[in-house]
Amino acid sequence: MEQVNELKEKGNKALSAGNIDDALQCYSEAIKLDPQNHVLYSNRSAAYAKKGDYQKAYEDGCKTVDLKPDWGKGYSRKAAALEFLNRFEEAKRTYEEGLKHEANNLQLKEGLQNMEARLAERKFMNPFNLPNLYQKLENDPRTRTLLSDPTYRELIEQLQNKPSDLGTKLQDPRVMTTLSVLLGVDLGSMDEEEEAATPPPPPPPKKEAKPEPMEEDLPENKKQALKEKELGNDAYKKKDFDKALKHYDKAKELDPTNMTYITNQAAVHFEKGDYNKCRELCEKAIEVGRENREDYRQIAKAYARIGNSYFKEERYKDAIHFYNKSLAEHRTPDVLKKCQQAEKILKEQERLAYINPDLALEEKNKGNECFQKGDYPQAMKHYTEAIKRNPRDAKLYSNRAACYTKLLEFQLALKDCEECIQLEPTFIKGYTRKAAALEAMKDYTKAMDVYQKALDLDSSCKEAADGYQRCMMAQYNRHDSPEDVKRRAMADPEVQQIMSDPAMRLILEQMQKDPQALSEHLKNPVIAQKIQKLMDVGLIAIR
């Protein structure tokens, strides 16, 4: 359990640092050692979600709930993955199921509220999510003055994020006025018309509904600025960047409160490859946007463009910093994907930059000294550092495998031996150490197979020959109790998988009742292989 906790903590630190693949590896190794630990599946679900692999996040969320049905966090993980997969109805049901077990769980309550809001948005269009929302409000004199009030902007953002709150906000006259502007109808007169039930009001003449404010309602400077912007856009599309810059600059002079004209200038410099100027203009645009309470989506775009400029220069650490700033303002799939791409490249760069065979040799020698003294934990640390410094050296994995075997961490020893053999298939030590780990686990059949592979490479290898003889004698003389056999067998992940297969359990029951059925089942090579595995580990015997 100490090894499991250590791997879990390493995974948590890696996830916090943004090293998602490292976190996944740690959690997966811990799960192999403790497959019934619900917390490990929950943590791995979070890591998969952060990576963008929502299907695997969902599968781990389901496993968490199966292992610990009364734990609210499991339902949160499962529901969050369903949300990312756009399976909103299922996510809602999952939150509801979780609340049956933990009625006061705040995370589940908020998740359910958000899910209900998103489902409501699907059924009814949310006018507060219009792409040109602030432009419409600024164009209409009824709402233009309201935009200078910070509480009004907070109200708008609240209704954008939680449209289900609209029903509770209708008492606010500002909300009714805003709806009138956004929907293009005069909601203020509706109550009066409903009260005059008889006689009913005559049907309104066609096209008498209040028209949406047109460009004519804008001040002259803003109208001219928009025209300059359109001219700039046309020039930009034709890649006439100098002309585009002149028009955007003129638009900015006419309407200095609109950050869009500055970000358009930044886009031109981005295309020209002048990334310093692009970043300078984006920073200026953000400053103008903050001062004039611009929509957070526009702020996010400016930060994303700064991130893109650093990405182009292969300055991935800076790019990640600004992508995260953009995501904090407004989360979009494109920016998230770009950020993850930059993180992956940066991680690989750091890994490659860390490689140094000379330092790896120093760490290996330190590890050898500690191993000779019997200080196996310290030796393992030195070998691990050596592997980071030179991950293509097969002997380092072999040395660390020897440490793991001394520390009775046989599964980890086997993993290192596999890596060693893969890197250098003719290296005898990789095979003998793998066989030694299997022998220590009392898996004599597998151990003999591996010792034989070593002898195939070098028939004079005394270590392999002696090991083969030991395993043969141990297999012949073994008198394990049924409990020992079962406990040892069930520690093997392959056996666990076979025994958890409902079809195999049915076949084994049938073999007990009708031994003649065995010959039929052995005709299927897949089933025959599984039965042979169970025989090898001593779980079943055929007489």
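Cβ atoms here come from the backbone N, Cα and C positions, even for glycine.
According to Swiss-Prot, the features are:
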- Lys8: N6-acetyllysine (MOD_RES)
- 73-105: repeat 'TPR 3' (REPEAT)
- Lys123: SUMO2 cross-link (CROSSLNK)
- Lys123: SUMO1 cross-link (CROSSLNK)
- 191-233: region 'Disordered' (REGION)
- 205-233: compositional bias 'Basic and acidic residues' (COMPBIAS)
- Lys210: SUMO2 cross-link (CROSSLNK)
- Lys210: SUMO1 cross-link (CROSSLNK)
- 225-258: repeat 'TPR 4' (REPEAT)
- 300-333: repeat 'TPR 6' (REPEAT)
- Lys301: N6-acetyllysine (MOD_RES)
- Lys312: N6-acetyllysine (MOD_RES)
- Lys325: N6-acetyllysine (MOD_RES)
- Lys344: N6-acetyllysine (MOD_RES)
- Tyr354: phosphotyrosine (MOD_RES)
- Lys446: N6-acetyllysine (MOD_RES)
- 492-531: domain 'STI1 2' (DOMAIN)
Residue, out of the modified residues Lys8, Lys301, Lys344, whose Cβ gathers the largest set of other Cβ atoms within 10 Å: Lys301
Modified residues: Lys312, Lys325, Lys446 - member with fewest neighbouring CB atoms within 10 Å: Lys312
Helix, strand and coil totals (DSSP H, G, I; E, B; other) for the repeat 'TPR 4' (225-258): 27 helix, 0 strand, 7 coil
Rounded Cα-Cα span from Lys8 (N6-acetyllysine) to Lys344 (N6-acetyllysine), Å: 22
Neighbour count (Cβ, 10 Å) for Tyr354 (phosphotyrosine): 13
Between Lys325 (N6-acetyllysine) and Tyr354 (phosphotyrosine): CA-CA distance (Å): 28
Rounded inter-Cα distance in Å - Lys325 (N6-acetyllysine), Lys301 (N6-acetyllysine): 10
Integer Å distance between the CA atoms belonging to Lys8 (N6-acetyllysine) and Lys446 (N6-acetyllysine): 30
Distance [Cα-Cα, Å, rounded] between Lys301 (N6-acetyllysine) and Lys312 (N6-acetyllysine): 16
DSSP-derived helix, strand and coil totals, residue by residue, for the repeat 'TPR 6' (300-333): 28 helix, 0 strand, 6 coil
DSSP three-state assignment (helix, strand or coil) for Lys446 (N6-acetyllysine): helix
For the repeat 'TPR 6' (300-333), mean pLDDT (0 to 100): 92
Cα-Cα distance linking Lys312 (N6-acetyllysine) and Lys8 (N6-acetyllysine), given in Å to the nearest integer: 36
Tally of residues which DSSP labels helix, strand or coil - the repeat 'TPR 3' (73-105): 26 helix, 0 strand, 7 coil
